[in-house]
Each structure stands twice: as structure tokens, then as C-alpha cells.
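Let me begin by presenting the structure, written as C-alpha cells, before commenting on it.
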């Protein structure tokens with residue numbers, strides 16, 4: 001009897017000593033394919049890992065219409081997001097996640113002696129975004145609000161191209177977003193535009209219809225709307241309205 005009791009005790013101790021099987025952990029979603037406005041090319045990669053494609057918002061809509069595969073679309077204005085929704089390219093309702101104001105920039109030494117978003121732009125080598133691109137539409141709106149007739153020497157399909165031409169000295173002035181100007185640092189001089197500051201562009205994000213990686217898309221958007229807001233603010237973006 002004593003022998004049986006001893007054997008039982010040994011068996012119990014042995015069972016207790018066995019390492020417990022670790023509980024399985026959830027596998028994080030694979031990196032989503034994110035189509036995003038060019039003005040997000042600096043900040044988005046610091047918010048979350050993804051397979052990024054940056055371009056003008058209108059160009060990205062055209063790519064999606066042409067059958068390009070993506071999981072997330074982030075637009076620099078509501079107009080192009082609305083186009084995507086109307087074309088059946090977005091699942092559910094898009095979400096506004098940031099705002100951004102248009103500013104005027106010149107090379108740091110301001111060779112054309114521009115004094116602001118005013119008549120001093122006359123005769124300068126001004127570069128803007130094309131009208132179909134959000135920053136181009138914002139430029140048109142700002143010009144109308146300030147009674148100006150802009151005569152650019154070049155219209156670009158990406159705001160980053162405008163920034164490049166001004167910061168390199170190829171152009172005398174350009175209209176870009178405040179966040180783009182911030183990335184150029186001391187290479188440019190910045191002039192705020194009051195009307196654009198009070199009526200900034202709104203940025204929208206949504207899951208692409210038929211997204212191959214819906215879980216990754218949902219996770220990415222949740223990050224942008226969560227901890228990503230602090231990163232956007234640090235980069236100069238305003239909060240969603």
C-alpha cells in the first residue's frame with residue numbers, strides 16, 4: 001500500500017514538472033499593398049510597414065480602374081476618393097484621417113524676390129500641380145479666393161515633383177502642401193496662404209474592393225487612425241475635421 005502511494009506521488013510530481021505547451025499566438029496579417037497620395041510618401045512608411053505605391057491621387061484611381069491590385073487607397077482629397085467610391089473601387093465607407101494646407105515655396109534665397117501669394121508671382125517661373133491632382137485643385141481654389149490668375153510654366157502630376165523643382169532652384173516658386181515644405185527644410189522659404197490654412201485639403205482612406213488582404217488592410221487603417229495620428233501630427237498634418 002505504501003509502495004502504491006509512493007508511486008502515485010512520484011507520478012504526480014512528474015506530471016507537474018512537465019513544461020506547459022505554449023498557447024498559439026495569432027499570426028499578424030501580411031503586409032498590405034497601399035496606394036497612397038505622393039504627399040504621404042515620407043510619413044506613411046514611418047507609421048506602418050506595407051508595400052507602398054505613391055503617386056498623384058487621380059493617377060492612383062486610374063490605376064485601380066485599370067485593374068491594379070491593392071488593399072488600401074489613401075487620397076489627398078475627397079474628390080478623388082469619391083471617384084473611387086462611385087466606380088465601385090472601395091468597400092464600405094472611407095474615413096477622413098488628416099488635413100493638409102497648401103503653401104507657397106521659393107528656393108531658400110528667393111531669387112525672384114517673391115513676397116507671398118500675391119502679385120509678386122507675376123512673371124516668375126511658377127510650378128504647380130496639374131488641375132486633376134488634389135494639390136492642383138487646391139491651387140486653383142486658393143487663386144480664386146485671393147483674386148489671382150496663376151500662369152505656371154509647368155504643371156506636375158505629383159506634389160513631390162513641384163517640391164523638387166523649387167528646392168533645386170529650377171523654379172522660382174511652387175505650390176505644395178505644408179508637410180512637403182517641411183521635408184525640404186532649409187532648402188526652401190515658405191509663405192503661408194491664409195485661405196488655404198482655414199480651408200485645408202482633407203485626406204481619406206478606405207479598403208479597396210476585392211482586396212486580396214482585407215485583414216492587412218483593416219489593420220493598417222486601424223493603425224493610421226490610432227497611434228498613427230501622433231506621427232501625422234509630428235509631420236505637420238492637421239487632425240481630421
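Cβ from N, Cα, C; glycine included.
All protein chains included, residue 57 (molybdate binding site) registers 33 other Cβ atoms within 10 Å of its own Cβ. Taken from TrEMBL, the feature molybdate binding site applies to 39, 57, 159, 177.
Residues annotated as signal peptide in TrEMBL: 1-17.
Residue density at residue 159 (molybdate binding site): 30 other Cβ atoms are found within 10 A of its Cβ, drawing on all protein chains shown.
Using a 10 Å radius centred on the Cβ of residue 177 (molybdate binding site) and all shown protein chains, the other Cβ atoms total 32.
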